[in-house]
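As structure tokens, the structure follows; a few thoughts come after it.
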Amino acid sequence: MSVTLLIEQLLNGVQLGTMLFLMASGLTLVFGVMGLINLAHGSFYMVGAYATAAVTASTGSFLIGLAAGMTAAALVGALVELIVIRRLYHRPHLDQVLATFALILIFSEGTRWIFGSSPLWLSPPSWLTGFVTLPGDTRYPVYRLVLIGVGVAIAIALYLLISRTRLGMRIRAGESDREMIGALGVNIAKLYTVVFALGAALAGLAGALVGALQSVQVGMGEPVLILAFVVIVIGGIGSIKGALLGALLVGVVDTLGRVYLPLFFQTFMPPSEATGVGSSLAAMLIYILMAVILAFKPKGLFAAND
Amino acid sequence: MKMISRFGLGLLLSSSVLTAQAEDVKIGMITTLSGGGSHLGVDVRDGFMLALEQSGRDDVEVLIQDDARRPDLARSLSNEFIQRDDVDILTGIIWSNLAMAVVPSVTRQGTFYLSPNAGPSDLAGRMCHENYFNVAYQNDNLHGAMGAYMREEGYERPIIMAPNYPAGTDALAGFKHLYEGEVVGELYTQMGQTDYAAEIAQIRDSDADSLFFFLPGGMGISFMKQWESSGVDMPIFGAAFSFDEILIKAVGSAAIGARNTSLWAYDLENEANASFVEGFQAAYDRLPTLYAAQGYDTANLILSALETAHPDDKDAFREALRAADFDSVRGEFRFGPNQHPIQDIYVREVVEGDDGEPTNRLIGVAIEDIQDVYYEQCEM
């Protein structure tokens, strides 16, 4: 249990956290501004990854692919909002869950229909492979550092967007009082479409970036979606700041738990049993974290509508 | 793809014309054709149908249904097949948990079940049945064979890794059973986990000289890509489930050099295999995976038994199946007392093919005549 291992695992946790933030920020904005539970958010993640894989394969450029992936996710998001989501704002949450769950099925089978059931190939470009040596002789993949950088850049950009621009002002107004900003003459319908497409684009970006590291396949978005929901519940629904802190918290706790819980149990149990118990407990850890936080702060760490 | 649907349609049409004939044989296939992991089911189906087509028989009807990897759906499909369609033989299930939901009730009702993939330990041991035949492997076979191979090759400090679910813990137990030495560490990952940075750092931090892992499907793709970019220099080993021809194409160069155990390889030299691989490529325009080979063998076993008896004569048909008198694409093939295969397990290495894409190449035999350890618990 060395210090370099701990540093490396902390970086891994932060990297997982920044990617979760890209997912969670869109989800929390949509929930905060429009009051909509969107289960199909994981599908935008998948759309982004598939579009990036397809365009990267045909152009040979990862960056063009990435741009195409974000654009595709934003377009699909806008279309979904215009065609389906728009009819759901005044419905109860259960209807929203049912309808967006149906969207998951449609997107999954649609993707399988177009691209087939085999996973697609997508890897980071050659100039992002390899690793750097950090202080303490820790070797760390360049691509993961880039992911952390992208996540931080997006977080700053979102902060500026929301606190300094007119669009951000409207988003904040929409969070506090939806009816009133409509009455003040803001085109609510357009605002909703823009926010929804923005969230979808961020999910698509996360899917593309993570897809290059993992695998691009049907159903890749749903496990991340569950984690993203945990993040926004912990952070407080509707709060970007909460999403950022929640994502980092979940990322670090999940990663460190997976490494150190089995080691902890090994101090007083036989190794094979300890890894079994430790791994099972590590899988539950973030949900335990969520339960504890909700017990003390029922609306999450930074509830937007307090 | 188009060919197979036309062929299937032809079967359906011919059967509706000939329904009056009692000698016709009906086979129900329940397999995974949609959702995650569906390329396994597609290959089992395609291999199975290729064998039927090559046999030229038109008195065998195959009904195919998609289980979407859901145990409850597989269960109700099996009831439909038996009660409504009155099938003689069922086959096709890919996943062990689905097999456990379906097989015991099917065989108890007197219908034959031939497994083209899943081989859970219970069905090989205490829940074995005279109407249940496994044509693929018992789940431990490939992992155990890799344990034997790595010991033979002189690896002394392996670290081993699998998801924390029954097949994962079984895989590591199977490996350790035939490795017969101390392992440096055991890592259990979460089912469906996609990020392996934490595990890779632990592996690097250990003083292991080799890595054995069982991460089926998408989990293996994610792991190997992250493994390559981590810069850890250690030979990797696994079972064919993480290295079929479709998966390694998605992994890309990261898979090169990995060695894996399989009951079959497309470059295995025997007559049956040559005609299988050639026929499969001609019909579907892709290399077959081991799942296709298993589907093909399953169909040929059924066809060989049909030469002697009709499934209505259960005892005679069962005897004919037990004889396993067919040319298997994996060379020698025979059944043990629990009607699971006793077979050689091969080692393949992932290399760069002529087209620059990764592909498997046969490099040797891991273990000869491997038999599962559960047959002693089987009372038939």
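The backbone N, Cα and C atoms fix where each Cβ goes, and this holds for glycine too.
Model, not experiment: these values are computed from the prediction.
Feature annotations, courtesy of TrEMBL:
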TRANSMEM  A:20-41  transmembrane segment
TRANSMEM  A:61-85  transmembrane segment
TRANSMEM  A:97-122  transmembrane segment
TRANSMEM  A:142-162  transmembrane segment
TRANSMEM  A:191-213  transmembrane segment
TRANSMEM  A:225-253  transmembrane segment
TRANSMEM  A:274-296  transmembrane segment
Query raised in the report: Going along the chain, which residues at least six beyond the ends of the transmembrane segment (A:20-41) come within the CB cut-off of under 8 Å?
Result: 80, 85, 88-89, 93, 96-97, 100-101, 103-104, 107, 151, 154-155, 158, 171, 174-175, 178, 191-192, 195-196, 198-203, 205-206, 209, 221, 224-225, 227-229, 231-232, 235, 237-240, 242-244, 246-248, 250-251, 304-305
**Report entry** Stretch among A:61-85, A:97-122, A:225-253 sharing the most Cβ pairs under 8 Å with the transmembrane segment (A:191-213)
**Finding:** A:61-85
Query raised in the report: Hey, which bits of the same chain come close to the transmembrane segment (A:274-296), Cβ under 8 Å, at least six residues off its ends?
Result: 227, 230, 233-234, 249-250, 253-254, 257-258, 261-266
